């Protein structure tokens, strides 16, 4: 039985989702940092229990031909670049495999082609935002990054994947904090003033925002500090202060102050100008975010008469990018400042057909349904936890033709796609996009398309009355939905209405592009909703 500090020869057979090497010894699975498949190593046992263990490389006996020999190991130890030891082409293959595996293991999907991960031409120095802790190390104020799985600061000046100008601003601020003798935060003692430095830089504009995260409002000689850093970096247009006096791992507190200039920077995305506030979500890799959003737009095959819902809309980047190509855009975002940014960004780009609300995505979707808004396309870009079940059901109930799902967590995306399939949607396309080179993270765009009503014959249901038969012309689908809601407070989908119409012998216009699948799984209308729809059909004298 292996025990701590034993040294054993092993072969690495796989990588975990987070990029650790996997070795198998005596029926145990070991996870080893900085080890790649096909490598043979001498491994020192760090920790072991009944089924798994952790080890570290003592010596490489055989190295992988795909190893990046030039990586500074500090980037591995800190987690900044937890896949940086793997050559970039192999990183892309690894990410494609992660997407395929998650879709198969979680959603049971194996018959949809997953495209090769879309990579970056120069996969370093891309991050447009830095969040850097400030701590005391060996008696000196330092900036850097925490060692992986700890709060021990590793001093760093070059962050490898960040915009080099941002790195320079961080170093300049560090030196000024030392010069003005401002005390770094001490987590154990709950003392000190400066907790974090946050720096944003526009990829195209070059505008810079600096955020000082402090434990209390008063910062001694802060005006002089700001004056000095602006002398070095005149591109700074915003200096903000965030006050966080809580014993928490969260970076930001609730109170914000503008110390210099404006409370935002401006940058461009897909040809539009965007104001970006300190707290607003904005993709950290502008170059690849444009490719990500363009992929989602291309997947959705937008038309002039489309009505688009932009869920988790942030500051409006994707919704405003499509607004000029569609009839209407309705966006929802939970962060009030981001919603205000969205509205300002719409004005900034002379866009009048984009409408934004501050709410949860599921509440907004329900309210839009009540208001009779009938989307044809839904764009979702949720946080890592994915979509809620109530949102998925509400979005499916709209009967939208296409759902473009942008995901930063393929596991939750696969889970959500499984539910969408149960509600009558089919996964059509999947494209991974590498927004975070040198790390294990991957973004994915998936296209879901609404299945047709019949299990064996595709039937197209047109909401435009020009395409309705004479039997259907007495009421539109929207009118039937409104009637059912007003009388029964039940929400019914276009799919359910079509099923009951068909059951009643009302002719539906058949679509000549018949489905090639003989056994599609289609959700069926519940008895309660069937009776409500029947009542509506009788009301409109359709039966």
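Glycine is no exception: its Cβ is also placed from the backbone N, Cα and C atoms.
Binding of S-adenosyl-L-methionine is attributed by Swiss-Prot to 312, 333, 381, and the same site annotation extends, among 283, 294, 397, to 283.
Neighbours of residue 381 (S-adenosyl-L-methionine binding site), defined as other CB atoms within 10 A of its CB across all chains, total 24. Of all the binding-site residues in the record (283, 333, 381), the one with the smallest CA separation from residue 408 (active site, nucleophile) is 381. Taken residue by residue, the domain 'TRAM' (1-59) breaks down under DSSP into 0 helix, 36 strand, 23 coil. In sequence order, 289, 292, 317, 435 constitute the residues six or more apart from residue 283 (S-adenosyl-L-methionine binding site) in its chain with CB-CB distances below 8 Å.
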